[in-house]
Amino acid sequence: MIGASLSRWTVSYFAAALLALLLALALMAVGYGFPHVPVESPQTLVVVHLAVLGWLSLLMCGALFQFVPVLIARPLYSDAAPLSALVCLVSGLVALLLGFLALEGRIAATPSFLAAASLLLVMGFGLVLGNLLVTLLKGRPLPIPARFVVVGLASLALTAALGVTFALVRGGIADEEHLVELASAGIPIHAITGLGGWLGFCAMGVSYKLLAMFMLAPELDRRGSRAALYLGTCALLIGMPGAVVAVWFGGSRDLVLLAAGAPGLGAMAFYGRDILHVYRARKRRTIELNARMATLAFVSLAAAVLLAVIATLLSEMQRYSAPIAFLFAFGWLSGLGLAKLYKIVAFLTWLECYGPVLGKMPTPRVQDLVVEPRAGKWFLLYFIAVWLGAAALVFGYPGAFQAAAAAMLVATLGIVGELVRVRYLADVPKAGMPSGVRRPPMLWSAAQ
Amino acid sequence: MTTTFVDLDVRPLLAAGDEPFGKIMETVASLGPDVGLRLVAPFKPIPLLQVLASRGFDYEAREIGDGDWEVLFRPSGEHGPVGSAEEVSSERWPEPVRHLDNRDLEPPEPMVRILAEVEQMAPGEVMSALLGREPVFLFPELEKRGHRWKGGFDSGGTTYRLLVWINAKERVG
């Protein structure tokens, strides 16, 4: 069959992801983890993995189950596997967090948490990767956004492999010399491959397609987009496995990561130029809230890149790595994710609800499911809080960072409230529920 | 490969105030394998070039004086359209009776308009629609409602031409 239908479990991934984000923000707001304790402390690991694995990775997996089929106009290979994957990933995340708490001494230390986390997360991501890669194989030759996704998925496999190595070493299960070396020196490589490779590349691919689609701009497959893809891939290959080789053979890890930064910067420059082009070449002059808010996410990305360049020039990467990662993860990836969720949830709900009766009876438009001015203020609060939080990290004000995290929490609660209203069709005029139209379930999609 | 051509001069039709698109598509539909179309028109028919490219024709256009153009359409064997599962490529589709241009509509408006139009049409009729993107969510809905479809991008990859044959699924098999 040609075409794409609703991914049954995408909304479930979104719900689990948002819950993890709220938890991560709540912990940050009460001062749990960095900057009150070091970056590598178990407390910080709990917050970071809630945000990156629980929120961003589940969000991305859920989005890819829906959007890979759209990118290549072929259905997902298995519509059932995402549920098993979600169960593995969520239970793996819980086991991982328990493992971190055990490392901290909060709960009885036992190696089994980290071992169980490794097994469950490998199974979960294995199911996600297998399903998406088999789907992508059928869509060759792949359009450029799908090629970004392929590189992202390869990075996910490498990130997970490194994460499992750390878990097995720190859980006291593996003690092979090379693995122990990697566990102590590999954290920046794990972070860069995960944030930049897995989440960054997939976000780039999805944003190319989604922005062009909803703003009626030409699809990008020009020299600049391919340059961004190749330079970014080159940066990843230098970072991973390049930096791992450096760790094992006595080379300078930081020099290798710096060398990866040069093509990485080039990729960001080409990507930035492409995104500007999409906004400028759009046929739709008045754009929706999701596209307007996405611009604030891109500003955050530009700020993260600028800060990284400044930190490199000042040889102060150690000091600035936290605000850079914060801007990248919460400004760009999360900001873009929340903005796009606002459109995607409305679109999927509309399609699930009204798709079968389109043309047979009057139906509301997708935009009738949302109230943009009300949601807009939550998004603005979110981005302002992110920028203040990043500034608090740069200038070393932990109290201000907590206040910013609390504001992000309030803003995210507001956005989640809007998404729940969309799902309940709460803002659709009553005439929008003609006979034969059912309100969709909150946590999955019923229509097939 | 040598291609033979069927001639079609649409200048008299246009001079008489008629719309030549239906006649052109009728001629194209009747072409045998390896047969091309030699079209003469009083202007360069740019939209038609895209429509026929999506049906698998390469073209060669030249001005023949007085503002008139001659265009040679050759079957390229590429850009072949795809279609619903029941699609039989050798079967002749009826001429479209309705045409929609949805290229400047944001998703999912093209899908909404096509389904609204489809519900108005009689069984056996065919609709053609131009879109800016492949309507991936529309295809399963058309099949669920018992319609057949086929479609493809033009050679530039910017216009998607879709044909929908109303309630034609039971015709197959």
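Glycine is no exception: its Cβ is also placed from the backbone N, Cα and C atoms.
Please treat TrEMBL annotations as automatic predictions, because they have not gone through curation.
Keep in mind that what you see is a predicted model, and the values were worked out from it rather than measured.
Cβ atoms under 8 Å from those of the transmembrane segment (A:12-34) belong to residues 41, 43-44, 46-48, 50-51, 53-56, 58-59, 61-63, 65, 82-83, 86, 90, 93, 322, 334, 341, 345, 398, 401-402, 405-406, 408-409, 412-413, 416, 419, 442-444 of the same chain, restricted to positions at least 6 beyond its ends. Taken from TrEMBL, the feature transmembrane segment applies to A:12-34 (among others).
According to TrEMBL, the transmembrane segment annotation covers A:46-68 (among others). Long-range contacts of the transmembrane segment (A:46-68) within its own chain (CB-CB distance under 8 A, at least 6 residues past either end) are made by residues 4, 6-7, 9-14, 16-21, 23-24, 27-28, 32-34, 76, 82, 85-86, 89-90, 93, 96-97, 100-101, 121, 128, 131-132, 135-136, 146, 149, 152, 156, 194-195, 198-199, 202-203, 206, 209-210, 329-330, 333-334, 337, 340-341, 344, 348.
Among residues of the same chain six or more beyond the transmembrane segment (A:80-101), those with a C-beta under 8 A of the stretch's C-beta atoms are 7-10, 12-13, 16, 20, 42-43, 45-46, 49-50, 53-54, 57-58, 61-62, 65, 107, 113-114, 116-121, 123-125, 127-128, 130-131, 167, 170-171. If you look up TrEMBL, you'll see A:80-101 (among others) marked as transmembrane segment.
Nonlocal intrachain contacts for the transmembrane segment (A:113-136), taken as residues 6+ away from its ends with a CB within less than 8 angstroms of a stretch CB, comprise 53, 61, 64-65, 68-69, 72, 74-78, 81-82, 84-89, 91-93, 95-96, 98-99, 102, 142, 146, 149-150, 153, 156-157, 160, 163-164, 167-168, 170-171, 173. Feature annotation from TrEMBL assigns transmembrane segment to A:113-136 (among others).
Residues 57, 60, 64, 68, 71, 96, 99, 114-115, 117-118, 121-122, 125, 128-129, 132-133, 136, 142, 175, 179-180, 182-183, 186-187, 189-190, 193-194, 196-202, 204-206, 208, 229, 232-233, 236, 240-241, 244 of the same chain lie 6 or more positions beyond the ends of the transmembrane segment (A:148-169) yet place their CB under 8 Å from a CB of it. According to TrEMBL, the transmembrane segment annotation covers A:148-169 (among others).
For A:189-216 (among others), the entry in TrEMBL reads transmembrane segment.
For the transmembrane segment (A:228-249), same-chain residues at least 6 beyond its ends with a Cβ under 8 Å from one of its own Cβ atoms are 144, 147-148, 151, 155, 158, 162, 178, 181-182, 185-186, 188-189, 192-193, 196-197, 200-201, 204, 255-257, 259-264, 266-268, 270-271, 274. The transmembrane segment feature in TrEMBL is assigned to A:228-249 (among others).
Sequence annotations record features per position, and here TrEMBL assigns transmembrane segment to A:255-272 (among others).
Outside the transmembrane segment (A:293-314), and at least 6 residues removed from its termini, the chain residues within Cβ reach (under 8 Å) are 207, 211, 258, 261, 265, 268, 272, 275, 279, 320-321, 323-324, 327-328, 330-333, 335-336, 338-340, 342, 376, 379, 383, 386-387, 390, 394. Positions annotated as transmembrane segment by TrEMBL: A:293-314 (among others).
Taken from TrEMBL, the feature transmembrane segment covers A:320-339 (among others).
TrEMBL lists A:379-397 (among others) with the feature transmembrane segment.
The transmembrane segment annotation in TrEMBL covers A:403-420 (among others).
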